[in-house]
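Chemist: Grabbed the feature section from Swiss-Prot, which reads as follows:
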type	residues	note
BINDING	LEU20, ASN27, LYS156	xanthine binding site
BINDING	ALA128, ASN129, GLY130, GLN131, ALA132	5-phospho-alpha-D-ribose 1-diphosphate binding site
Amino acid sequence: MKILEDRIRQDGTVLTGNVLKVDNFLNHQVDPQLMNELGQEFARRFQDAHITKILTVESSGIAPAVMAGLHLNVPVIFARKHKSLTLTDNLYTAKVYSYTKQVTNEISIDRRFLAADDRVLIIDDFLANGQAVQGLLDIAKTAQITVAGVGVVIEKRFQKGHQMVTDAGIQLEALASIASFEAGQVIFAQD
């Protein structure tokens, strides 16, 4: 998606450890117009997948997921990383390791929000090693729901997440696919 690649080139910063900082439009400050365009593109790519719900993990996946939900006209469920007074029992849970934060979280989704006939689309901000997506796949398996696809705003194709999703036979749509980082620059995949 050219508009996203251009924005990454303009505002993204490559940090050590293969980390791409995009906090000025996606991970901290959010550009609503760009999120709307990302949501439209996800909706276009998954328009024939008969999606009933979108799953994501708090917090950076929420903005693109909500916009996709708006354009697909389906609800969005975000897995919580922390328990609260209102989220205590009857939960689907999975452990997820965060590459950027170097911590393991237990993500949770209230069982009331998933039904056996659901066809879900998993949306996240990044796909690198695939831990967040794997956690949502684990929850989907436990809930016995169908994962119709995975959509990510940015994927680092050189890390194992891409292969994990495609090996599982799941439709994967990345709006920007990074082949590598070279001399502090983002090199996008050409396919």
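Quick reminder: no glycine exception, Cβ is built from N, Cα and C everywhere.
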Chemist: Between ALA132 (5-phospho-alpha-D-ribose 1-diphosphate binding site) and ASN27 (xanthine binding site), what C-alpha distance do you get in Å?
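Modeler: Counting only the Cα atoms, the answer is 15 Å.
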Chemist: Specify the count of other C-beta atoms within 10 Å of the C-beta of GLY130 (5-phospho-alpha-D-ribose 1-diphosphate binding site).
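Modeler: Its Cβ shell of radius 10 Å holds 23 other Cβ atoms.
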Chemist: If the xanthine site is taken as the center of the Cβ atoms of LEU20, ASN27, LYS156, which further residues of that chain fall within 8 Å of it by their Cβ?
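Modeler: The surrounding set, listed in chain order, is GLY12, VAL19, LYS21, VAL22, THR100, ASP125, PHE126, ALA128, ILE154, ILE178.
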Chemist: Report, as a single number, how many Cβ atoms besides its own are within 10 Å of the Cβ of LEU20 (xanthine binding site).
Modeler: 20
Chemist: Using an 8 Å cut-off from the Cβ centroid of ALA128, ASN129, GLY130, GLN131, ALA132, can you name the remaining same-chain residues around the 5-phospho-alpha-D-ribose 1-diphosphate site, in sequence order?
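Modeler: Nearby residues not in the site list: TYR97, TYR99, PHE126, LEU127, VAL133, GLN134, GLN159, LYS160, GLY161.
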Chemist: Measuring Cα to Cα, how far is ASN129 (5-phospho-alpha-D-ribose 1-diphosphate binding site) from LYS156 (xanthine binding site) in Å?
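Modeler: Pair distance, Cα basis, whole Å: 8 Å.
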Chemist: If H, G and I count as helix, E and B as strand, and all else as coil, what does DSSP give for LYS156 (xanthine binding site)?
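Modeler: It is in a strand.
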Chemist: State the count of C-beta atoms found within 10 angstroms of the C-beta of LYS156 (xanthine binding site), not counting that atom itself.
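Modeler: Counting Cβ neighbours of LYS156 (xanthine binding site) within 10 Å gives 26.
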Chemist: State the count of C-beta atoms found within 10 angstroms of the C-beta of ALA128 (5-phospho-alpha-D-ribose 1-diphosphate binding site), not counting that atom itself.
Modeler: 24
